[in-house]
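Here is what TrEMBL says about this protein:
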BINDING   A:ARG50, A:PRO51, A:ILE52, A:SER53, A:GLY74, A:THR75  FAD binding site
BINDING   A:CYS214, A:CYS219, A:CYS222, A:CYS236  [2Fe-2S] cluster binding site
DOMAIN    A:2-99  domain 'FAD-binding FR-type'
Amino acid sequence: MIRKVGMKIISIRCIAQDTFEMILENNFISNYAVPGQFLHLQVGEHSLRRPISITDCDPSRSTVTIIFKINGQGTRELSAYQVGQYLNVLGPMGNGFPLHANSTALLIGGGIGVPPLYYLGKTLREMGCTIISVLGFQDKNHVFYENEFKNLGKNFIVTNNGSYGESGLVTDVINHVHHFDYYYSCGPIPMLRAVSQELKERRGYISIEERMGCGVGACYACVVPTKDGTNYKKICKDGPVFVAGEVKL
Amino acid sequence: MTRLTTELPGLALKNPIMPASGCFGFGREYSDFYDLGKLGAVIMKAATGNERLGNPTPRVAETSSGMLNAIGLQNPGVDKIIANEVPFLAQFDTKIIANIAGSTLEEYEYVAQAFNQTNKVHALELNISCPNVKEGGIQFGTDPTMASRVTEVVKKASNLPVYVKLSPNVTDIVSIAKAVEAAGADGLSMINTLTGMQIHLPSRRPIIANKTGGLSGPAIKPVAVRMIYEVSKQVQIPIIGMGGIKNAEDVLEFLLAGASAVAVGTANFQNPFVCSEIINELPQVLDKYGFNSVQDAIGKGIVA
Ligand SMILES: Cc1cc2nc3c(=O)[nH]c(=O)nc-3n(C[C@H](O)[C@H](O)[C@H](O)COP(=O)(O)OP(=O)(O)OC[C@H]3O[C@@H](n4cnc5c(N)ncnc54)[C@H](O)[C@@H]3O)c2cc1C
Ligand SMILES: Cc1cc2nc3c(=O)[nH]c(=O)nc-3n(C[C@H](O)[C@H](O)[C@H](O)COP(=O)(O)O)c2cc1C
Ligand code: FES
């Protein structure tokens, strides 16, 4: 169930170039949000809300963590919010990732697609899974949450220009990872296309982005065609997580 | 609550507030937020003869005080809407208005007949003004002769009251309004979105895949108020007003301009409770500006 709530900002810090981690307090969302869901944030007076994934939840402290990158006017304004202010939020939105206990999971993230994979990895770890993560960033200055992912299991960082970790694209690294049961991927569409092509024989899930209006499934703004092209899925309501191959990227 | 009632052909409304077409789907999603029985009416997403998949994405972009959309009339087609969506809405104590669209006169006729047979729909809103479909649609809305043709066809095809939704993308909206009134329209619905475009600087491409989209939200409110004011002086039929309404004071402004009821579109995206909150606030706003009732305020804007 989606609710409109006020979330108090507990902390905000810059964790990489143009990238901020914000911890928000709200009992309902921290208790009910599952990995892969997102928040629909009202920033200032903007006519449309901003969808941002949930990076982590801690029900014991009633907190929800988000990570966002400055990508335009709204995220820039969001980065200037102060501790103690309240954010007007709709959430939790969308469907989470299917969780398979006691499996080996390969998490593949790119840029601002990395955040939801942290909550996912943490939850899967608690369910007895082995976690391998491959995270791609533009360059060294954009890398974040490396230690957090290392605490979950084996981790590879990839940068486009090789300024940190492996050089190239996430697909250059996942080629060498063979032992896993499911993959979970979130990132820009070209990356998801390459990943799902590379791993087309494997079982996996992808989480995708599109510009949104309502965020609840009423306006048909955020659609993606199904594989056979005969229909559309709504990313906000049917997704943002889909079985790899279910939709046409 | 009788001070909020308003009476339009086929629509005895408990209050003048309804969600606008395309901004509320078929009500399901918003029924999780509040009881839809609170609304004066619900205007459904446009229905066409067959299923339409709509335009490629991105379909929306944010603008100063508003947004552009080019959804392209995606909908499951009138038969599925009647089978799956109308019965859902009919559970609520509210009026149902079906927004109908098409690219040919025959398509409008087919859709109007289908809704007529349900006995659950209270009125038709004739969308002759969608700027986002290539064929048909907009031509019906910009040419008085075509607008009256389609109005006549739909009037003949059903017994339901017909509200013709006017496009603001015309030089003389009064002449279109008069033409559809003469053709038998029971009311007008205005305004639809204003065609616009936004270019993404880094890529030099329009943000919306369809290139152009319809502008809605507070940015278009003054245009809507002006057009409703002009048209209401020139026609006898009532007007459902819309364009940028966000709160109860905006509603009063539309009533003063000459609307008998209003629809709220884009504001639902920011605040899913907006229609319900406006209904709660409206009595205080009537008090504040010295009106006993909604009926009292209709057309009371003073222009010396
Ligand atoms: C389900 C989902 C989860 C997301 N999770 C995250 C996250 O965890 N961290 C993060 O940094 N970003 C995330 N994004 C992307 C984020 O929503 C955009 O970066 C943000 O909306 C840009 O807003 P802006 O005002 O800065 O940009 P502007 O360009 O000024 O925004 C204008 C409009 O376009 C929309 N928009 C622009 N870029 C995007 C985009 N890439 N995706 C969707 N809408 C966009 C905005 O929401 C707004 O309506 C997510 C997107 C989706 C759909
Ligand atoms: C996403 C979106 C979809 C819309 N779809 C329709 C539609 O299917 N039929 C229609 O007649 N109007 C449609 N409209 C126009 C609205 O009903 C309304 O006339 C317009 O948005 C102005 O009101 P507003 O500023 O309150 O949104 C749509 C508007 C938006 C923003
Ligand atoms: S944003 Fe409205 S349907 Fe997804």
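Every residue gets a Cβ built from N, Cα and C, even glycine.
TrEMBL labels come from automatic prediction, so no person has curated them.
Here the features listed in TrEMBL are placed on the structure.
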| residue | record | DSSP (3 states) |
| --- | --- | --- |
| A:ARG50 | FAD binding site | strand |
| A:GLY74 | FAD binding site | helix |
| A:CYS214 | [2Fe-2S] cluster binding site | coil |
| A:CYS219 | [2Fe-2S] cluster binding site | coil |
| A:CYS236 | [2Fe-2S] cluster binding site | coil |
Below 8 Å between Cβ atoms and chain B: which of A:ARG50, A:PRO51, A:ILE52, A:THR75, A:CYS236 make it? I'm asking about the binding-site residues.
none
Among A:ARG50, A:SER53, A:CYS214, which binding-site residues lie by ligand 3, judged by Cβ under 6 Å to any atom?
A:CYS214
Can you tell me the CA-to-CA distance separating A:CYS222 ([2Fe-2S] cluster binding site) and A:SER53 (FAD binding site), as a whole number of Å?
16
Around A:CYS236 ([2Fe-2S] cluster binding site), which of the listed binding-site residues (A:ARG50, A:PRO51, A:ILE52, A:SER53, A:THR75) come within 10 Å, judging by Cα atoms?
A:PRO51
Please give me the CB contact count at 10 A for A:ILE52 (FAD binding site), counting all chains in the structure.
25
Env. residues of FAD site, Cβ within 8 Å of mean position of A:ARG50, A:PRO51, A:ILE52, A:SER53, A:GLY74, A:THR75 Cβ:
A:PHE38, A:LEU39, A:LEU41, A:VAL43, A:ARG49, A:ILE66, A:PHE68, A:LEU78
How big is the Cα-to-Cα gap, in Å, between A:SER53 (FAD binding site) and A:CYS214 ([2Fe-2S] cluster binding site)?
16
When the Cβ positions of the binding-site residues A:ARG50, A:PRO51, A:CYS214, A:CYS222, A:CYS236 are compared with the atoms of ligand 1, which fall under 6 Å?
A:ARG50, A:PRO51
Those binding-site residues in A:ARG50, A:SER53, A:THR75, A:CYS214, A:CYS219, A:CYS222 whose CB falls under 6 A of ligand 2, listed in sequence order:
A:CYS219
Please find, for A:ARG50, A:PRO51, A:ILE52, A:SER53, A:GLY74, A:THR75 as listed binding FAD, the greatest distance between any two Cα atoms, in Å.
15
May I ask for the distance between A:THR75 (FAD binding site) and A:CYS219 ([2Fe-2S] cluster binding site), taken between their Cα atoms and rounded to an integer number of Å?
23
Hey, which of the binding-site residues A:SER53, A:THR75 is the loneliest by Cβ count within 10 Å?
A:THR75
